[in-house]
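Participant: What follows is a structure written as structure tokens; I'll ask about it next.
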């Protein structure tokens with residue numbers, strides 16, 4: 001995303017800017033769908049679908065790069081604001097229903113709001129420190145990749161720990177998966193035609209984050225399919 005202040009896109013990039021903007025809007029819609037579906041599943045199953053630690057990181061990222069810093073791209077500004085609003089709603093439902101998943105750990109169960117407050121505050125401070133160190137443009141994109149890595153790993157661990165599909169769905173998985181990797185279109189054009197600001201895309205750390213996230217997403221989809229298959233089998237067995 002374009003948080004590189006004081007710079008303008010070169011003419012060779014401008015020819016493809018409309019393609020990047022279109023991909024950005026698709027990405028924005030799919031992640032908005034993810035947040036909406038997560039809120040719906042929270043209400044329906046009285047639980048939460050996004051793991052607590054990654055959710056705090058993701059929410060802090062949206063807070064920092066919507067309220068404190070702002071994208072130079074008008075579409076990204078609209079999308080980030082929309083995400084922050086929807087994520088706030090989702091977090092509210094998460095705080096409300098999270099105690100249902102922590103009956104085995106009363107200390108956690110009684111302190112869910114404080115855990116979220118402390119988690120978000122810590123991630124906000126860390127992200128502001130990183131932005132002050134390397135600049136908001138680089139920090140924003142690095143942390144976006146980190147957030148997604150944490151979300152994928154956290155979601156898979158949570159799914160396997162629960163052994164149940166409560167709080168999640170194929171819609172949540174696919175909107176997260178496709179909504180992230182449609183961003184490859186943006187990355188391709190910005191890296192090739194705006195290298196002054198986006199050469200970091202080719203750094204080993206970004207390749208590492210992207211590769212691990214992709215592998216985990218595929219494993220998540222297979223695991224969700226297997227668990228849903230087991231749940232359908234149990235329903236059939238109970239109906240006999």
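Yeah, the Cβs are placed from backbone N, Cα and C, and that goes for glycine too.
Feature table excerpt (Swiss-Prot):
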type	residues	note
CARBOHYD	197	N-linked glycosylation site
TRANSMEM	16-36	transmembrane segment
TRANSMEM	48-68	transmembrane segment
TRANSMEM	78-98	transmembrane segment
TRANSMEM	112-132	transmembrane segment
TRANSMEM	134-154	transmembrane segment
TRANSMEM	167-187	transmembrane segment
TRANSMEM	205-225	transmembrane segment
Participant: Apart from its near flanks, which chain residues at least 6 from the ends of the transmembrane segment (112-132) lie with a Cβ under 8 angstroms of it?
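Facilitator: Residues 52-53, 55-57, 59-61, 63-64, 68-69, 91, 94-95, 98-99, 102, 139-140, 142-143.
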Participant: Going along the chain, which residues at least six beyond the ends of the transmembrane segment (16-36) come within the CB cut-off of under 8 Å?
Facilitator: 9, 73, 75-76, 78-79, 82-83, 86-87, 89-90, 171-172, 175-176, 178-180, 182-183, 185-186, 189-190, 193
Participant: Is the transmembrane segment (205-225) in contact with the transmembrane segment (48-68), using at least 3 Cβ pairs under 8 Å (sequence separation of 6 or more) as the test?
Facilitator: no
Participant: Quick one: do the transmembrane segment (205-225) and the transmembrane segment (134-154) reach 3+ CB pairs under 8 Å, ignoring pairs fewer than 6 apart in sequence?
Facilitator: yes
Participant: For a quick check of packing: other C-beta atoms within 10 Å of the C-beta of residue 197 (N-linked glycosylation site), how many?
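Facilitator: By my count, 20.
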